[in-house]
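Structure record follows, encoded as structure tokens.
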Amino acid sequence: MTTSNPQVVTVLKNVCQKLGEGPHWDISTQSLYFVDIDGQRVHRYNAATGQHDSKLLDDQVSLVVPRKSGGFVVGLGHTLSQLDWSTGTASVIQEVEHDQHSRFNDGKCDAKGRLWAGTLTSEPGQDFTQGGGALYTLDLDRTVRTQLTGLTISNGLAWTDDNATFFFVDSRPGNVYAFDFDLQAGTIDSERTVKQVGGDNAVVAGAVPDGMTIDTDNKLWVALYGGGAVIRLDPHTGTVLQKVDLPASKTSSVSWGGTNLDELYVTTGYSASEPLSGSLFKITGLGARGRPANVFEG
């Protein structure tokens, strides 16, 4: 395990009433955007001023990424939509899936500004549909391509700094995967498993990998949903280098932030039995840092 001096700070207590997710650090405004999926809210926290506000939408909202030309792309139900922050209104860019029980989950942009976003399917009162999810790209001309099918809970995404490798999480069966990545074409191939983080070989019993980011040393940081922790993972060896515990079991996603991109923000889900659940946290003193998040160029 890596030696560091991590400190966990509660930034916004109980800010998400359902499931906090999808953090994106906007380096230009020193603000973190994140969502409460089932609470149907997009949140904004300005770290420079401490100001926090949010927008209530009309469906489950699962990801939020700024657009270079203004506004945001959000995963809204089974659509990719454009959000105007000033009015709080969203308009559909593409209706990607037509199953009313499907919705988008996690999503990020690559270095060319394409949006990569995955889906899952869950009928009311039922578990997630095995193989009911997929991974898509929204290109700059707003066309959609299917990258992967047969997923169950499409989740965290990250790229190496040389854009040669793409990392991806499917929370069931609990694996972190690696692919060869072609930045110019926007394609992936040569799938291999980095590590099974959940399932039979769970790092924390009962926990599954959720959101993910990467640091400047090309090590992965993975939120363990149900495990109340974030781990640092060596993608070459599958070795867990570090584990940081948090006071909320439903740790859902992570994003580098702060002036020097050396603070790791962590979103969590709400649980009535946990006083700090649903809070936004940040971890300092990790001795690592990230790279600026990409925006949608379309």
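The backbone N, Cα and C atoms fix where each Cβ goes, glycine too.
Taken straight from TrEMBL:
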type     : residues               : note
DOMAIN   : 19-268                 : domain 'SMP-30/Gluconolactonase/LRE-like region'
BINDING  : Glu21, Asn155, Asp210  : divalent metal cation binding site
BINDING  : Arg103, Asn105, Glu123 : substrate binding site
ACT_SITE : Asp210                 : active site, proton donor/acceptor
Practice task
Spatially speaking, which of the binding-site residues Arg103, Asn105, Glu123 is closest to Asn155 (divalent metal cation binding site)? Use C-alpha to C-alpha, please.
Solution key: Asn105
Handout entry: substrate site shell beyond Arg103, Asn105, Glu123, criterion: Cβ within 8 Å of Cβ centroid
Key = Gln60, His78, His101, Ser102, Phe104, Thr119, Leu120, Thr121, Ser122, Phe128, Gly132, Gly133
Problem - Cβ-centroid neighbours of divalent metal cation site Glu21, Asn155, Asp210, 8 Å, sequence order - result: Gly22, Asn105, Asp106, Ile153, Gly156, Val169, Ser171, Gly211, Ala223, Tyr225, Ser252, Ser253
Problem - Those binding-site residues listed as Glu123, Asp210, and which of them has the most Cβ atoms within 10 Å of its own Cβ - result: Asp210
